[in-house]
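A.B. asks: First, the structure itself, so that you have it in front of you.
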Amino acid sequence: MAISPSKAMNGERAVVLIFVLRVLSSLPLALLPHALSLSLLSLFSLVVEIRVDDSPSLFKTRSGASSGIILGAVTLPTVMLSKLIQLSRAVSLQQIEIGELEHMTMQFWAASACSCGVLIFLFIVTWCAANNKNPHFSCSVWDAKFSLSCVILYSAVCCISLATISHTGFNTALKLLWLLCHGFATVKLIQHLLSTFPFCASIGEANLVTSGLVLYFGDMLACTISKVCRLLIPPELVSIRYGIKRSEIGIVIQGVLLGLLIFSAVFKFLIHLWEYFWGANNSESRERKEIWRPLIFLTSLGFIMIAVAPSWMMIVLDFDVHPVLWIFQFIFSEPFKRLSLCIYWLVLIYASVLRFYNISKNSKIERILLRKYYHLLAVLMFLPALIYQPKFLDLAFGAALAVFLVLEIIRVWRIWPLGQLVHQFMSAFTDHRDSDLIIVSHFSLLLGCALPIWMSSGFNDRPLTPFSGILSLGIGDTMASMVGHKYGVLRWSKTGKKTIEGTAAGITSVLAACSVLLPLLASTGYFLTQNWFPIFIAVTTSGLLEAYTTQLDNAFIPLVFYSLLCL
C-alpha cells in the first residue's frame, strides 16, 4: 500500500525537504549524478522513517524524540555536496587543483554510502519484524519494491560517477570496495552504539555520529595507508597530494583524537585484565583497584599521547620537530596575542562556570535557560578569536575536545579523585537528552561551533561559513529559547514547546548579527561575494529546523546552516 501524503509529511520532514531542494537547486550540471543520488537517498530515508515510526519498540532510542532518520541520513551527504559545489567554483576560477575536487567527491560518496548502509539495515530489521507478524507493525510489498529500486538506481549512479574520476576499471572497483567498507562499518558501529548506550540517542542522531566517525577515521586510515604503502592503495583514492594538502594543525588534531581512541581501548583492556587476575569481589581487591586505576590511567594516557600519537603524526606529515614541540613553537610564534587569548578564555570559563554552577544549585531558573548561558559564553569566547586568530582557534578547539573526552572517560570510569566531582558538576547542567551513561550536550555545543570552522579551512569564498555554528547556536538558538520561554504564546504544534515568537526572535537575531559581522569582516580584509537573499534563506531554514526538530539541535542546525551558506 502506498504512503499517503498526509502521513508522509510533518514539520521536520518538510524543513528537511526544503533544505535538500535548496542545495539541489544550486548544483551545476556537472554534479547531476550527485543530485540524483541525494534525491534517491532522501526518498529512501523517508520511506524507512515512516515505517520505523510505526514500530517504535524495535529500537531502544531516546524518549521524547522522533526517529529523525531522514534528517540523520541526508545531513552529512548534503554537507559534502555543498562543499563540492563550493570547490567546483574554485576549480572554475583555477584556485585549487582538480585532485582536491576528486577527494571531496570521494568524501561525498563515502558519506552517502554510510547513510545508505544504515538505511538498508533499518529496512531489513523492519521487514523482518513484519514477517514475524509483529502486531504493531506492517510493511507492504510496495515499500520493498520502491526501496529496492532506490538502492539499485543509487548504486548505478555511484558506479557511473566513480568511473568518471577513475583512470582504470581496477581503481573504480577499489573505490567501490572502499565505499562498501564505509557502509558496513557504519552499520556495525550504530548497532554497537544503540546496544551499548540504550535510550541515549535517536536513530538519526546515532546515524550522524556513526557516519561522521567512520568518515573521519576512514579518511585517516586512507591517509596512513597511502603514506606507508602507496603500492597497496593508490594516492588518488583519497587525494593526489593527500599528505601535502593537510595542515599541521589538522594532523595534530587527528593524531590527538586517534590517540584518545587507542587510549580508551587500551585502558579498558588493562582494567579488565586487572580484574581477571586479581579479582574485584572482596573489599581488599576493590581498594587496591581504586589505588591502581588512576596510576594505570595516567601512565597509559601519557605514553600514548607523548609517544604513540606523535609517531602517527610524523608518519603522515613531515614535521621538522616533535609534534609536541611544534605546538609550543606555534603558540609562541605570536606569544602576546595567543597567550592573552588563553588568559581571556580562562578568566571567562572560571567566572562563568563558578557563577552558573552556583545558580544551578540554588536557583529555580529552568535548566534549559541556564544551559543557554553557555551558548552566549561560546559567542564571547570564539567570535573574537575567529576574527583575529582563526588558526589558533582551530588548535584550541582540538585541545578543548581532547579535554572533554578525557573528562568524560574520568567521569564514566569514576577515576579517583576527580571522577565523582566531574560527575556531580556535569549532572548539574544535564537535561532529558543526557543520561548517566553518557553526557553529550557539551560535546555537541563544542563540535557545533568547531566543525564549520574546521570545514572552512582551505578555499572559502563565503566568509560567513566559519561563523555558522557560533551564529546558529550562540545567538539564534539562545534568543529563540529565551524569547520563546518568556513571551511565547503561539506554538508551532499542539504537542511541542517551540513557539512562533521564539523562532522569529532567533531568525531576526541571526540576521542582525550577520548585518554587523559582514562589514566587520570587510574591514579586516575579507572579500565579500555573497548577497543577502541566500543568507536570508539559510537563516530562515535553519531557524525553522530548530522550531520543528526534536533531534539534538546542537548537532544538526550548525551543519544545515553551514551547508546553505556554502551555496
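Every residue, even glycine, has its Cβ placed from backbone N, Cα and C.
Copied straight from TrEMBL:
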type: TRANSMEM; residues: 64-86; note: transmembrane segment
type: TRANSMEM; residues: 106-130; note: transmembrane segment
type: TRANSMEM; residues: 151-170; note: transmembrane segment
type: TRANSMEM; residues: 253-274; note: transmembrane segment
type: TRANSMEM; residues: 295-316; note: transmembrane segment
type: TRANSMEM; residues: 336-357; note: transmembrane segment
type: TRANSMEM; residues: 369-389; note: transmembrane segment
type: TRANSMEM; residues: 395-416; note: transmembrane segment
type: TRANSMEM; residues: 437-455; note: transmembrane segment
type: TRANSMEM; residues: 467-484; note: transmembrane segment
type: TRANSMEM; residues: 504-526; note: transmembrane segment
A.B. asks: For the transmembrane segment (295-316) against the transmembrane segment (253-274), do we get 3 or more Cβ-Cβ pairs below 8 Å once near-sequence pairs (under 6 apart) are dropped?
C.D. replies: yes
A.B. asks: Among the recorded stretches 336-357, 369-389, 395-416, 467-484, which has the greatest number of Cβ pairs closer than 8 Å to the transmembrane segment (253-274)?
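C.D. replies: Between the candidates 336-357, 369-389, 395-416, 467-484, the best contact partner of the transmembrane segment (253-274) is 395-416.
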A.B. asks: Compare 106-130, 336-357, 395-416, 437-455, 467-484 by their Cβ pairs under 8 Å to the transmembrane segment (369-389) and return the stretch that comes out on top.
C.D. replies: 467-484
A.B. asks: Do any residues of this chain, six or more beyond the ends of the transmembrane segment (437-455), have a C-beta under 8 angstroms from a C-beta of it, and if so which?
C.D. replies: 79, 83, 197, 200-201, 250, 253, 371, 374-375, 378, 382, 386, 390, 393-394, 397, 400-401, 404, 408, 411-412, 426-427, 429-431, 465-470, 472-474, 552, 554-555, 557-559, 561-562
